């Protein structure tokens, strides 16, 4: 990077204490030394464990080459914070490695707007990073903390536990179909279209929901690859099986409305909810007796854990199968 | 990545407890939960601060497209561990984000050999990462720890402090000239050539040296961009100036031998030592009275800190200037 580019990066990514509305003196209290030295120094609350996760998004693979920079900035951060939420962790800071073909100011400004839009909501400081020239890609590493005894791990689900999800499922799958100008949902309203595209491009990491689950859920993870695939990871790590009731899958109002239009639409919506990725909701298991410990959390029970391996789908109590899901149903 | 590629990654990057020679039971003691969940869990020693740094290496920019994979694996880790060393920190773990055009097994095996070659020497576990398809680049984020009161920061140098460096300078610059088949050093021996190329391709992060400097050096950083440029960062952060004696610059035996061949060669060697990057030695300042606290550390005094801003170069007590360095001498 040339000096001019360096200054451009500084302008959009290095914040001064005055830039932190809630922290007028020092920025985030856990940051002892921010950007500008060889490395950042962070304080970890006593007794807590460090939680570390990282994801790379590559242009042309994880987002289209012409994707809006504001969405890339938001989503690259969101997918990493979602992994912290999936551990019931609190974010301490993130690093940002941005590789760009050129330092285009309007692109950078939009990217920064998306990044900080979510970073400010999640109250997470940028503690370091690297800017390099090359084909567009974004790597974010998120660092958080949680007490080990209450961290949300994948193993730990027990037979009889309820299977639960936050929010609604399938929205990002529907959003992707809309973004790719699929023939489906041709009659959808502008508001519903905007909602579904927003769910695809600007997922909201479930940090607060993850925090509620500390020490209460028996196992959990975030749904990034689709419900069935991610549930498969949880079942494998916990060495159990599951029954899912497809009529219980939580659907947003736009998807409920679309599902009501035809049986083909209902089937399509269920396929999105079961196997499309990118929803970034939390999937967790809960001993029935502990459900009363979550009065504040909105979630939906979609099934229960069974003692023997394998996954069985039902609709209104009867077995439910569909060829297009065959690859996911047995592991 | 397809399942086959996923298994390839697993083979080279996921280690089982038995793979850790020194830690037969659990791997590294600070790793509570390794690769395989949504995020890793790490323990931070009580009273210490977290140190976080990250660097991206892009093919065609930071290394040639045909660079040996074993060297890329080593160097991508080395440059990040060097930043931890520059804070006097101890490494706790690293994450590795590898973007590759294809999952080529022989390339991956060589990359892993380089990566683990250094990771095992530095005793640092791989705690997470991401593998994506795209133009070749490597991002590593290194996490370490240090007590805040003894961390090695850039500010803190005082007038009268000695300016010191570990190891020798200019080797990587000479190695780069050799790698690019420069006309310089045409008569060099095979052993000397191998040494200089090794210094370029496989820098050794000065973690042990950084640990010695805890609470003793007044300021410090690692030399990645060249002595003059990195010294400039230290002087600016400390709000002081410096005098450097170019005849004191520590040179390896191969560079001493080459410098003795002609006055042009001596000048070239000094230019490499002053302004070529990639040596990854530590540059630090030291109150003269504290020098006795470092009996175990090998280092060279190359100058002293002055109260007023600016940098003055001398050779045997006389002012020393050279046009090709003019850009670096005033800041």
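Backbone N, Cα and C define each Cβ position, glycine as well.
In the predicted structure, the domain 'PurM-like N-terminal' (B:36-146) carries a mean pLDDT of 92. If you look up TrEMBL, you'll see B:36-146 marked as domain 'PurM-like N-terminal'.
Annotation source TrEMBL lists Mg(2+) 3 binding site at B:38, B:83, B:222. In this structure, residue B:38 (Mg(2+) 3 binding site) belongs to neither helix nor strand by DSSP; it is coil. With a cut-off of 8 Å between CB atoms and residues at least 6 apart in sequence, the same chain places nothing near residue B:38 (Mg(2+) 3 binding site).
The Mg(2+) 4 binding site feature in TrEMBL is assigned to B:38, B:53, B:83.
Around residue B:54 (Mg(2+) 1 binding site), the C-beta neighbours below 8 angstroms that are at least 6 residues distant in the chain are B:80, B:139, B:140, B:141, B:142. Taken from TrEMBL, the feature Mg(2+) 1 binding site covers B:54, B:55, B:130.
Residues or ranges marked as Mg(2+) 2 binding site in TrEMBL: B:55, B:83. In the three-state DSSP assignment, the secondary structure recorded for residue B:55 (Mg(2+) 1 binding site) is strand.
The substrate binding site annotation in TrEMBL covers B:62, B:278, B:328. For the recorded site, residue B:278 (substrate binding site), the DSSP three-state label reads coil.
Mapped onto three states, the DSSP output places residue B:224 (ATP binding site) in coil. As annotated by TrEMBL, ATP binding site applies to B:129, B:130, B:154, B:224.
The domain 'PurM-like C-terminal' feature in TrEMBL is assigned to B:158-313.
Per TrEMBL, the feature Mg(2+) 5 binding site maps to B:225. Listed in sequence order, B:277 are the same-chain residues at least 6 apart in sequence whose CB falls under 8 Å from the CB of residue B:225 (Mg(2+) 5 binding site).
Taking the Cα atom of each, residue B:154 (ATP binding site) and residue B:55 (Mg(2+) 1 binding site) are about 19 angstrom apart. Within the set of binding-site residues (B:83, B:222, B:278), the lowest number of other Cβ atoms found within 10 Å of a Cβ is recorded at B:278. Within 10 Å of the Cβ of residue B:53 (Mg(2+) 4 binding site) there are 28 other Cβ atoms, across all protein chains. Taking B:62, B:129, B:130, B:278 as the binding-site residues under consideration, the smallest Cα distance to residue B:222 (Mg(2+) 3 binding site) is found for B:278.
Using a 10 Å Cβ-Cβ cutoff, residue B:129 (ATP binding site) registers 24 neighbours. Distance noted between the C-alpha atoms of residue B:278 (substrate binding site) and residue B:224 (ATP binding site) is 5 Å.
Taken residue by residue with DSSP, residue B:130 (Mg(2+) 1 binding site) is part of a strand.
Cα to Cα, residue B:62 (substrate binding site) and residue B:129 (ATP binding site) are separated by 20 Å.
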